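> Take this structure, written in structure tokens, and hold onto it; I'll ask about it next.
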Amino acid sequence: MTLIPKYTGATILLLCVLIEIGQLYPNNDFGCEECKLKENNIFSKPGAPVYQCMGCCFSRAYPTPLRSKKTMLVPKNITSEATCCVAKEVKRVIVNDVKLVNHTDCHCSTCYYHKF
């Protein structure tokens, strides 16, 4: 009977520590900035900056719907979707006789390199 209060105290302490860690987790940037425009130092020249979209977009995962799972060759329980930092609007420019696409606005959307 005297062991139950000891385990209860340890369990509550562990729960408090886990809750504290969980609250700190979303506030970290993990070394990756949000998706936004940044100047491209290679192609930019004074008076004519060239911008490109850079940064992180986070993926999401969710349980695979049963009807989708039935059509899979190798059924998977988890389905994931990746998003990339892509240009929402672009403007074509010429820098040193090289045609470039200057990004003017960015957002997180479908990764273009996955499309054919």
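Even glycines carry a Cβ here, placed using N, Cα and C.
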> Between C32, C35, C56, which residue forms the disulfide that Swiss-Prot gives for C85?
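That record, Swiss-Prot, gives the partner as C35.
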> Using the record from Swiss-Prot, pick out the residue from C106, C108, C111 that is joined to C84 by a disulfide.
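According to the record, the bonded cysteine is C111.
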> Considering the candidates C57, C106, which is the cysteine that Swiss-Prot reports in a disulfide bond with C108?
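Disulfide pairing in Swiss-Prot: C108 with C57.
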> When you check Swiss-Prot, which of C16, C106 turns out to share a disulphide bond with C53?
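Checking Swiss-Prot: disulfide partner of C53 resolves to C106.
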> I want to verify the bond table. Which candidate from C16, C56 sits on the other end of the disulfide that Swiss-Prot records for C32?
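Recorded partner, per Swiss-Prot: C56.
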> Which one is closest to C106 (disulfide bond) in space, judged by CA to CA distance, out of the disulfide-bonded residues C32, C35, C56, C57, C84?
C35
> For C32 (disulfide bond), just give me the three-state DSSP call.
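In three-state terms, C32 (disulfide bond) counts as coil.
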> Can you give me the Cα-Cα distance between C108 (disulfide bond) and C32 (disulfide bond) in Å, rounded to a whole number?
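Answer for this pair: 14 Å between alpha carbons.
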